[in-house]
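Report on the following structure.
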Amino acid sequence: MNLRELVSALNDFASPALAESWDNVGLLVEPSPPHTVNTLFLTNDLTEEVMEEAVQKKADLVLSYHPPIFTPLKRVTWKTWKERLVVRALENRIGIYSPHTAYDAVPHGVNNWLSKGLGACTSAPLHPSTAPSSPAEGTHRVEFCADAEHLDAVLSKIKDIPEISCLTTLPARVEGEEQTRVSLNCSQKALLEVVALLSQNSLLYHRTEILLLQKPLLPQTGMGRLCTLSEPVSLSAIIERIKGHLRLPHVRVALGAGRTLESPVKKAALCAGSGSSVLKGTEADLYLTGEMSHHDVLDAVANGISVILCEHSNTERGFLSELRDALAVHLQNKINIIVSEKDRDPLQVA
């Protein structure tokens, strides 16, 4: 597949618009076009060892769940390991694509895979995503009617206000008089200026309607998951299920105040990777994530919530095998898709 065709298909699989605003997702490194992709190489973390594996396996595009370029690069030299990744990629005509939190949000993504470790359950996003393109622009819609005497002057001043969009006019009949109905979208900041302008004319102001534009929620899409188990299960049993699902010999556990290993778990809140900010304040019997700060663990425990920590990338990496199969179907088996054998969590128990 042509690289740009493939990137479009990957974006359809999980829209980059679903990623968190702080994230850096999408195509990060692009070899000079045209660039054909025969082999797509999947990894959780793109380290130098993994990059060498990608070179050896003749990958044309690396899909790295974590973006290897996150903070801006001021130069591309051989000095730092992330700069060297870019050099090696371009030398070997390998593109780099990262989905990161877009894969966290989608219903068929990382958090859905992680929830399977709990057993039979129903789940819902902790922080639902909104439709990224509906409405297209603005936080508010303002509508008002003006007669011919005031229309041109008002429109001229409105067009000078920044962050105004979707400005339309339509004929209208108000109390038997021919008028023009004006509709516009604007930002919160622009709204103040529009209202200040219209309030200068009491007739215009009294015929003004202001609507809050709320984007619709996307079903089963968003950050984190609150999972309700079909049947309550002891914490010790959940621990064994998670270890089996993630193929780990051990996990770290903090018991909630008043809880034991035999305490039942009915509701579990989870977030792949680093879950403190996503899980914080959620009422549940258990928090499941890769890592949390010491003080956030203390807060959870004080609130009677047990915590299971599995290390950051251990809650993500196992998804790659499921992703390989899903992408094979999505891409109609047009390219070879392989999962890194060198990718691993950097932390080990000594």
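Every residue gets a Cβ built from N, Cα and C, even glycine.
Taken from TrEMBL, the feature divalent metal cation binding site covers His66, Asp104, His312, Glu316.
Considering only the binding-site residues Asp104, Glu316, the Cβ with the fewest other Cβ atoms within 10 Å is that of Glu316. Every protein chain considered, the tally of other Cβ atoms within 10 Å of the Cβ of His312 (divalent metal cation binding site) stands at 21. Counting Cβ atoms from all protein chains shown, His66 (divalent metal cation binding site) has 17 others lying within 10 Å of its own Cβ.
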